[in-house]
Structure formats: C-alpha cells, structure tokens
Amino acid sequence: MQSKVLLAVALWLCVETRAASVGLPSVSLDLPRLSIQKDILTIKANTTLQITCRGQRDLDWLWPNNQSGSEQRVEVTECSDGLFCKTLTIPKVIGNDTGAYKCFYRETDLASVIYVYVQDYRSPFIASVSDQHGVVYITENKNKTVVIPCLGSISNLNVSLCARYPEKRFVPDGNRISWDSKKGFTIPSYMISYAGMVFCEAKINDESYQSIMYIVVVVGYRIYDVVLSPSHGIELSVGEKLVLNCTARTELNVGIDFNWEYPSSKHQHKKLVNRDLKTQSGSEMKKFLSTLTIDGVTRSDQGLYTCAASSGLMTKKNSTFVRVHEKPFVAFGSGMESLVEATVGERVRIPAKYLGYPPPEIKWYKNGIPLESNHTIKAGHVLTIMEVSERDTGNYTVILTNPISKEKQSHVVSLVVYVPPQIGEKSLISPVDSYQYGTTQTLTCTVYAIPPPHHIHWYWQLEEECANEPSQAVSVTNPYPCEEWRSVEDFQGGNKIEVNKNQFALIEGKNKTVSTLVIQAANVSALYKCEAVNKVGRGERVISFHVTRGPEITLQPDMQPTEQESVSLWCTADRSTFENLTWYKLGPQPLPIHVGELPTPVCKNLDTLWKLNATMFSNSTNDILIMELKNASLQDQGDYVCLAQDRKTKKRHCVVRQLTVLERVAPTITGNLENQTTSIGESIEVSCTASGNPPPQIMWFKDNETLVEDSGIVLKDGNRNLTIRRVRKEDEGLYTCQACSVLGCAKVEAFFIIEGAQEKTNLEIIILVGTAVIAMFFWLLLVIILRTVKRANGGELKTGYLSIVMDPDELPLDEHCERLPYDASKWEFPRDRLKLGKPLGRGAFGQVIEADAFGIDKTATCRTVAVKMLKEGATHSEHRALMSELKILIHIGHHLNVVNLLGACTKPGGPLMVIVEFCKFGNLSTYLRSKRNEFVPYKTKGARFRQGKDYVGAIPVDLKRRLDSITSSQSSASSGFVEEKSLSDVEEEEAPEDLYKDFLTLEHLICYSFQVAKGMEFLASRKCIHRDLAARNILLSEKNVVKICDFGLARDIYKDPDYVRKGDARLPLKWMAPETIFDRVYTIQSDVWSFGVLLWEIFSLGASPYPGVKIDEEFCRRLKEGTRMRAPDYTTPEMYQTMLDCWHGEPSQRPTFSELVEHLGNLLQANAQQDGKDYIVLPISETLSMEEDSGLSLPTSPVSCMEEEEVCDPKFHYDNTAGISQYLQNSKRKSRPVSVKTFEDIPLEEPEVKVIPDDNQTDSGMVLASEELKTLEDRTKLSPSFGGMVPSKSRESVASEGSNQTSGYQSGYHSDDTDTTVYSSEEAELLKLIEIGVQTGSTAQILQPDSGTTLSSPPV
C-alpha cells in the first residue's frame, strides 16, 4: 500500500515538472500560503522577521532591493515538515528592510505578497538602490505629475516636500499633492520645475528627518514637425542611389528616437545614420537628423517611406512615395489637349502633360518657328500667353527629349482665339446727332467678330422714356441706362423703319458684318440700339436719334377767332437746337403772299420792330413762347413772326403766321322745313343747316319739348340731321329746329303726319329675334374664349410650397416667410387714413378690429374693413407671425371666395396692422344655427317667403349667370390695394339685403359648399394647405358669398372648445384626417377630409360633428378602422355620398377639389333647372328613416328605391344627371358601400348637468357658452318648423349648438371672456322637447332613437 502512494506522488511530480518545463499552466493551483495571514505587517527594528510559505510546487522568495545589505542577512531555508515549503528569515531588521515580500511559484504569476514596515524612528525614510542617482526628471506639462521616491518605514508619517532654490515647502492637500509610504511624494511637475533640488522631510517628536536630495531635471517632449527631403515626386531608375533625410525640430532638452518604415526594410545595402544638428546659440529649438541611404535600388524598393520621430510623450510622422522605373523613358500624358479655345485678352495656359524619367527637355514651336520667352510668352513646362490676341492663333508644337536616352516625343496643339462683337462706329467720338423732321435717314452698324455674329438685332425706345435720373448710374460706356427696349419690328408710336439684310465686307483688311437701318420718316426723337451676339460675347451701340424742326406757330384754340374771343399764339422750338425765342408783328396789313418762313434778310432786320410780350414755358424737349390776345378785335389781325436762334451756328430762323379775326354774325338757318306725311314703319330724314359767327348750336323740339336721341331717333352731324326710324303714331307732331348763339336764335318748324294702323311685320320680328340670337351666340363664344385664355394663363404660374401650412419636405414656414417679399410701395396704407372702430374679436396675442379705410380702393372713398393687429406687449415672435401671415396673403393673391388682403401698415411709428375684407355676417357656423327655424328645403314659384305662414322659397335671380361668374373667378396677381371685385358683377340685379331676414333653402347649402370648394381649389393651385378647414373659418359676406379665412394668426386654441388636448398640443381632431391624427401629415388630401366634415356641418345647419361621441383614443381608433358619421339631417343622398368620398381612408382615393367643384357645380346647376319643373324636396310629412344595414340617415320615400349607386326617388331628381354620372366615373370614387359603420346615437338617460373645467374642455371636445345656453333654452319653446326635417336631438350634441360662438374671424376674432358655463347634455334637451310636447298636447310621436325613426310633429 505504501508503494502505491509513493508511485502516485512520483507520477504527480512528473506531470507538474513537465508542465513547468514547457511553461504550461498548472492544473488548478492555489496561491502560496504565508504563515502570517496579513497584507501589512509592522514590526520594530532589531527584531527578527520570519515568514514561512507553503504551496503545491517549487517556490521562490523576492524581497525589497533597498540599501540595507539584506542580500547577506536574508536566509531562505526549506521546511522540514513539507515538500513545497520555504522559510524567509532576516535577523535584526532595520528600516531599510521595509518593503514588499513576495512568495511565488516558479515560472508563473501566482504569488502571495505581504508588505512589512520596519519602524525605525531614527531613519524613517528608506534609501532604495535607485536613489543612488538622486535625479528626478520632470516636464512642464500642467497635466503631468511627478513622484519623488522618498518611501517611508513608518506608514503614518507627516511628510512635506522641500524645494531649493528658492526654498519652498509643499504640504499634502489631499488632492493633487500627496505622500504615500509605499510610493513616495506626488506633486504636479510644473510646481517644482523652477527648483534645483528637492527632498522629503518628516517630523517625529519635534525632530526633523530628511530623505536624500533629488536633483530636478526639466526635460522637453514637444516635436514641432518632421520633414522629409526630398518631400515628393521622388523617381529613380533601377540601380540608382536613394537618399532620404528626415529632420525633426523639437524644443530643448528633448531626446528623439527615429523609426523608418519602407518596403524593403531588410535591404542589404541600406544604411541609417542618426545625429544631432548644431543649433545657433539662443535658439529655442533643436534639430535631429536621420538619413536613410539605399545603394542600387530595385523595383522592390518602390513604395511608401515613412519616418517617425518619438520623444516618449509625443510622436510625429511624415511620408513620401518613391517610384522606381525599370529604365529612362518619356511619353505624353492622356490629358494632353489638341484644341484650345480662348477669347481675346484672356490668359492662356497650355501645359505639356508628360510621363517620363528623368524629366525631359521641353521645346515649344509656333507654326514651325521656335518660341522664346518674353514679357508676353512664358515657354516652359507650361506655355503661358499673358493677353492672347488674334495674332496668337496658330499651331503650337511641343517636343519632349529624354536627357539620358535622347528619346523624343512631339504633340501639336491648335490655338483658336475668338473675338467678341466689336462695333466700329462705337469708337468714333460724335455728339448727339440731330436729324431734320420728316427726312429719311440711314443708321449703320459695322461689326467685327470671330466667329461672325449669329445675328444683329435692332431695338428702339422713345427718347423721353430713357431720360437720366439722379439715382441711375451712368457710365461712359453706357450713357443711356434704358431698360425697356422694343424691337424695331414693333415701331408703334415711333418712326417707320425698314431693316436691310446683313452684308459682309472686307474693311481695313478684316471681314466685317454691316447692318443698316432705314428710317423712312424722322418724326419722333428716339434711341436706337444695335446688338450683335456670337458664341463668346455680345456688343452693342446706342445711337441717339434726335429729331428737330424749325420753330412752329400754332393757334390755341386751333380755329380762326371771332371778335371778343381770346386766342393764343404758340411758338414751339426744339430746346436743344434753338434759343432766344421772340415774338414780332409785321404790320396790320397781311403779306401779299402766304409764306411759312421769312427770307433771311427780312429776318435779320426784325430788331427794328417792337417786341411783343409773351410767356415762356419749357418741357423736356421744347421751349414754348406763348403770346395771348384777350378779347381779340379786328385791329389784332396781321402777320405775326416768331424768331429763334440756332444754338450752334447762331443763325436766325423766322416763321410767320397770319392771324384773321372774324366779325360776329347772328345765327341764320338756310332753307325751311317742309311738312311731311309718312306711313307707320317708314323712316323720316330731315336736315337743318345754320350759319353764324360764332357757330350756333342746333337743337330739335317736338311739340315744344326737347327731342333727345332714343332707340328710333338719331341725331347726327352736330344735330343738323334728324332721322326717325320705323315711325309710330306717337311720332306725329310739330318739329322745330332752333339754332342759337350769344347773338340770338333762329328757328324753322314743320308738322309730321303719321298714317296707317300700329302693327309689326313678321319680317321685323324675325330680324329682331335673329339679331338677338346671333348676338347671344357671339357673346357666349367670347366668354368661352376668355375663360380658356384665363385658365391657360393661370396654369403657368409657378409657386413654391409655402402658405398657411408648408409641405413637411420643404423648408420650415418661418424660413420660407423670411424669403417672401413685401413691396411697401404696393401694399403700404397710411395709418392716418384708417379709423378704428369696435373690436370684432381677440385671440391669444392678436385682435381684430372693425375699421373705416379712406381711399383704400378706387370704387369708394370710404370702405369698412377688418384690421388684424397685435395686443400690447406682443413678443418679437408674435410680430413675426403676423408679418408672416401678411406675406402669405400677398403670395396667395386675390380670389372671390378667400378673405382677401387690402393693405397693411408696417412702417415704424405705430402698430403692425394687416387690412383684410370685412364680412358683416360673421362665420358660417353661427349663421346656419341662427337659420334653423327659417330653413325650407324645397322651392316653389313664389316670389318671396311668407314668414309665419308658408315656408316656400324662390330661386335666386339669375342663378346660372351667378354660377358662371363664380366659377370663372380666377386668381389675380394682386399688387397694391386690391380693388375689390364688385359683387354687382356677379349679381347685377340682386339688391343688397339682410341675409338674416331671408329664409334658407337647400340651394343655399349647395351654393355655400360649391363656393368653399372653389376657394379651396384656388388655394390648392397656389400650393397651399389650410389645415383647419371648418365652418367656423368660413365667413359670410353680402349676397350669399362665402369666403375662406384663418391663415394662421393667433387662434386662442387654449380657450377654443373645438381643439382637443393631445399631449401638450390642442388639435381640432373632429376635422382632422386619420393620417393627420396618427402621422402628423398635412396634405391637400387631408384638407379634402376636412371639407367633408365641413359639408356635414353645412347640411346639419351648424351642428357640431360627431354628436355625442367622446373624443378620445377610442374615437381615433374607430375612425381609423372606418367608422364614419351618419348622414346629417338636411342632406341628400348625393351630398352624403360626397361626404363619404371625402372621408375615404386612403388619401389618394379622395376626390380633388377640382372634381368637387365640378360635381357641386353640376348639383347646383341641376337645382337651378328645377324652376318650374322638378324641385329638390326633402320629405315633410314622413319621418326620416334609418337603414339598418348602413347606418345612414337619408331623406327618402317609405319604399326605398336605392339600387347600388343610383337614387331613383323623384323627390331627389336632378336634370343634370349626366354631369353627375360623369363625375362619378372620372373621379376616384368607388361604389357605394353596402354597409357603413357609423358612430351610434347618444342613449336616452337622465339629464346631467356638468360644470365646465377651467380649460373649457369636455370629453367631447365641445363646450356650451352661457349666451348660447340661453339660446338653446329659448329654442325648446318653439315647435318644429316642419315634421320631416326636425333634427333628431338624439343625434346632435346640444353642446355643439353653441360651440365656438365668435364673430367669425377665427384668426384672432376670439373672445377672451371665458366665464364658467353649464353644460347641458343631449338627453336633457331631448327630455325638454318631450316635456314640452306633452304639456302642449301635441300629437308628437315619442319614438325610441335606436329604432331608426326620429321625433316628428305635424307641419305648421
């Protein structure tokens, strides 16, 4: 048994020894065990230290290497009681024996360590072997620390560091300065960089003990740069010698180590030499140089060579590429050009791109002649021509020669120099040319250009249109800063012109192009411009064509004067040609013959005559000397001369005008009128000729009453000729012709007798009817053409995606608005012409005020407007928001169905104000709710409604014409204060009336819907997204015109019940499309969804959408799943289908606004055609039925006749079904769903009274204002207007009756009055109606709301 144990031990020892011999880790070795189980052992000096270590394999000891002579005193012995056990013994230990004692397995890292303090109070510091040098190296880096190795034999010494010189003491601060008995004294290096030496000092029992002295040596580490020489472009051929120098520049006291990396690092012929370079005294840097030399390079030596210099704390590198060629060669590079084009005056560079080693010799030749460098040409690797000219055109040859192999390569480059058009006449110095009036003139334009000009164009402009203004910059090369030049082909208002074809001529040895312009008659002064263009530029010449004429005399008024009349003689002369105008009178007797200009001798002797008094006037071109003769007499007759002197030649020019004064003569009538007898239907023509001086005025009388022109009475030639066409019996009577002047009257008379009976021939009727038909045809044709042209022009407008809401892919709105322009000259309106009135509404930071604007348009002196402005204390961002809305309104432009901008007040000195149209009837939602008791769904032929008796409606006057007018309303690029399109253009015969006094019909609802669609179509065409389309944002103006408002200004959504809180934001969830609710995506298609909700509001007469539905996450989920609102109470099947199309879950499947305009226009047209035929009627005596499967509340007959998409109930018949079906086919609408999930009604419960919380927000997102609650209570006292159309209160939230009761201007038209209101639920309202019905003994039927019927009463 004992032998087996010994064998096992031997095998284990063998395995362990083998593992140790090959360096393998032992199998699960434990750490050596020390006899003293402590990390730190403290003993006193002169005692014996003995520690035993036991393990599982061979052990060794390590002890401190201090200056203690422990090598002779330490004894390590094997234990007697163990195989792997060693004992360390040190007798009479001293302080320098302090340190770490380590027992470890041989050839492994497994060890046990104990730190032993030998307390020796006479020598508390340990002197290690490394301290013999006594040197501490530091750097001046503030982030570096240095350790002074003054170790201690006592762990808790109070140690400080002393520095010399100057002397300074450092005490540990627990932060960056500390002392550790095992490590030493740690301190930032910069704190002792000044010192020459340092030492540690400790106090024990009031005695000081010092460590050895340490010399402080400050060393540097910064390397400024590493430079390789040569740095780049190193090329060699096989066998040549490579020498690379690497220079490192450092600060002083730095040691550098160089390290090279290159392809053949084991090259046998390489040699490295490192040395320090001498630096000048006083220099603050040091240089080190390392040279790499390779003798006889080979192809394998090609590659990247990197030199790295390191100071220990910093390393920098630099690299270069060495290319080794097999042999010398030369060749041209692939990018060498063969053709170079340049323009005169440019700097031309033709590089010689080559590949070769060594660099070749380069020679340049032009057309075979060697080129030498001079002040204009530099011939080298790059041929440079400083200012190229025409003579530099030619072939340039470059020849490359290898200096070793003498190989040659050549390449030819063709240089073509272009010349921009130069007009020869432009260099001539000539004054402004004057040309005689009425003469034929020829203007010439001679052009030299390479290549010849593509074309030469002539332009012109009137001289006065191009007058220099002080603000215009005028230069010598462009003395006429004209802008609006016109082609000579359009000489309207100018001289008649003929342009000859261009001709080519050899002039001064150059091929030039000559263009001539022939002015057939010089009538007006103008500027003519000749413009020539070729591929490199253009040239132009402006010719001043000043037309002058001699002095002219004109008479004002332009007729011979009569005695006692005033007359003026005007002498007009060109002010640039003539001066010193003077009037003379030759004598009372006229010249024997009439002459226009006096002979020169006579003109020279006029100084002997008396000068006449006259007044001088001047304009931009002429001087006018005016001589006035007041109350002319016969003595004023004679020849009058105007003298003018030529400014240049001082030659006199005299023109004469003979003045004749006529004698006054009383009126007389030549001939007499004769009595006439004429049959009915014929025509009468008579003449009455009168003479006299002054000429008399002729008037006609019938039976002593003034005869005026009528449809059958025509007066011509100054009333001298009277024509009566198709005479009637009443044309019979006494006709008088009377001629009167200041000298009296003369008259003649005649009696006209009319015979025959009063009748109209068939021919006349046919002619009248035919003429009317032809006129109407041409009128309709003209309207179609104009509308087509407008539509084509409108389509060409290109605008960015900026408006009320921007496309998310575009720039943010504020950035876009910063880029939008504001033209103050077009839109600025003076504040002093604006009279502010009562407030219309207030918002979070904005308010809207009614005001009177004086002179804001051309149609009226004063106009009522709405002024948007900020409240006091508005911030800069709020100011920018209002300015952004102003710029957006300018960008959108003018449209009939949009609240249009009229002006703005933006200048400093007052508040920022935006002036828009005023809509007196407020918003559409409030208006529809106010008209519920006056709603009549059908029309009769009655002219007016009879209030309190019959609810019948009349078709509005000329609906078709109004529809066409509204449909054709286009955007106008409004500039300045837009002149409001007069609504009289839309309805000329419809007088203004208060809309609140009229009854509301189904036609009105369709018309409102059509107009909103038309306005949104316009906004969509302007790339605008409204984002908040609702009835509260639709304003009602006069004559039933609706306008879209709310362009993003200061809506007080925190107090608006239509805005539901979602997170930290309030959103109008009831009007928002699913993609907007869930993905925050706003598009034109999301506006179409909102338009569908707006239709529901209109056809429910202002009810709030989703009545009785709690607006929460469940509502949003059901909406996304396809649940929709049931049909409103006053709709038709077609309109409800349109709503469902707008609510399609897929945005791309919803109709566009253009399709909606077409569809609603067809419905409106069909409604208009029912006059006298069929009428759009909703059931009166029958109740509204509910289809069980669809959930739709549609007015229909008791027997449903709906099949698929078609409604055949005659009550809903439309004449224009073809147009409707076409819309259904062309649009994206799908078939009518068999079943539509709808939100359920509110169940009947006990009335519940709730108090609105502070934020005015209920679960449904609606509140009921106090004033509207009173209105609701008053409404419960009224009987229903008619049975079939009474809204089912189980399907309409009572709170919606008064939601958002504002004046209509949503953008800031909000009230800040937020009194706490009481909310009455729909159940309470329904119970009130039932209670009233019971109390009044009404025959109303009380039906369950879930049975598909509604509460109804007999019609009034």
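Don't overthink the numbers, they just go from 1 along the chain as shown.
Note: Cβ is positioned from N, Cα and C throughout, glycine not excepted.
Applying DSSP to the domain 'Ig-like C2-type 1' (46-110) sorts its residues as follows: 7 helix, 28 strand, 30 coil. The domain 'Ig-like C2-type 1' feature in Swiss-Prot is assigned to 46-110.
Proximity of N46 (N-linked glycosylation site) to non-local residues of its own chain (separation of 6 or more, Cβ distance below 8 Å) is seen for K92, V93, I94, given in sequence order. Marked as N-linked glycosylation site by Swiss-Prot on the basis of sequence analysis: N46 (among others).
Residues or ranges marked as disulfide bond in Swiss-Prot (evidence: sequence analysis): C53-C103 (among others).
Counting every protein chain shown, the Cβ of N66 (N-linked glycosylation site) has 21 other Cβ atoms within 10 Å. Annotation source Swiss-Prot lists N-linked glycosylation site at N66 (among others).
Residues annotated as N-linked glycosylation site in Swiss-Prot: N143 (among others). Secondary structure from DSSP puts N143 (N-linked glycosylation site) in coil.
The disulfide bond annotation in Swiss-Prot covers C150-C200 (among others). Under a cutoff of 8 A between CB atoms, and with a sequence separation of 6+ in the same chain, the neighbours of C200 (disulfide bond) are F125, I148, C150, V159, S160, L161, C162, W179, G184, F185, Q210, S211.
Secondary structure from DSSP puts N158 (N-linked glycosylation site) in coil. Annotation for N158 (N-linked glycosylation site): spatial neighbours A202, K203, criterion Cβ-Cβ under 8 Å with sequence separation of six or more. Taken from Swiss-Prot, the feature N-linked glycosylation site applies to N158 (among others).
All protein chains included, N245 (N-linked glycosylation site) registers 15 other Cβ atoms within 10 Å of its own Cβ. In the three-state DSSP assignment, the secondary structure recorded for N245 (N-linked glycosylation site) is strand. According to Swiss-Prot, the feature N-linked glycosylation site maps to N245 (among others).
Residues annotated as disulfide bond in Swiss-Prot: C246-C307 (among others). Long-range C-beta contacts of C246 (disulfide bond), restricted to its own chain and to partners at least six residues apart, with a cutoff below 8 Å, comprise V226, V227, L228, F258, W260, L289, S290, T291, L292, C307, A309, N318.
Per Swiss-Prot, domain 'Ig-like C2-type 4' is recorded for 328-414.
Taken from Swiss-Prot, the feature N-linked glycosylation site covers N374 (among others). With a cut-off of 8 Å between CB atoms and residues at least 6 apart in sequence, the same chain places nothing near N374 (N-linked glycosylation site).
Long-range Cβ contacts of C530 (disulfide bond) within its own chain (separation 6+, distance under 8 Å): I423, L443, C445, V447, I456, H457, W458, S515, L517, E540, R541, I543. Summarising the annotation, Swiss-Prot assigns disulfide bond to C445-C530 (among others).
Residues or ranges marked as N-linked glycosylation site in Swiss-Prot: N511 (among others). When other Cβ atoms within 10 Å of the Cβ of N511 (N-linked glycosylation site) are tallied across all protein chains shown, the result is 12.
If you look up Swiss-Prot, you'll see 551-660 marked as domain 'Ig-like C2-type 6'.
The annotation disulfide bond is assigned in Swiss-Prot to C571-C642 (among others). The C-beta environment of C642 (disulfide bond), restricted to residues of the same chain at least 6 apart in sequence and closer than 8 Å, consists of P551, I553, L569, C571, A573, L581, T582, W583, Y584, L625, C654, V655, V656, R657. Taken residue by residue with DSSP, C642 (disulfide bond) is part of a strand.
For N613 (N-linked glycosylation site), the number of other Cβ atoms no farther than 10 Å from its own Cβ, over all displayed protein chains, is 8. The N-linked glycosylation site annotation in Swiss-Prot covers N613 (among others).
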Averaging the pLDDT values of the topological domain 'Cytoplasmic' (786-1356) gives 62
Cβ-Cβ distance under 8 Å, sequence separation of 6 or more, same chain as N704 (N-linked glycosylation site); the residues meeting this, in order, are L734, T736
C53 (disulfide bond) sits from C688 (disulfide bond) (Cα to Cα, rounded, in Å) at a distance of 157
Under a three-state DSSP reduction, the secondary structure at C688 (disulfide bond) is coil
For N631 (N-linked glycosylation site), the same-chain residues 6+ apart in sequence with C-beta under 8 angstroms from its C-beta are Q564, E565, S566
One should report the C-alpha separation between C737 (disulfide bond) and N245 (N-linked glycosylation site), rounded to whole angstrom, as 125
If you count the other CB atoms within 10 A of the CB of C1024 (disulfide bond), including all protein chains displayed, you should get 24
In three-state DSSP terms, C150 (disulfide bond) is classed as coil
For the recorded positions N143, N675, N721, T1238, the largest set of other C-beta atoms within 10 Å encircles the C-beta of T1238
DSSP puts the residues of the domain 'Ig-like C2-type 4' (328-414) at 3 helix, 46 strand, 38 coil
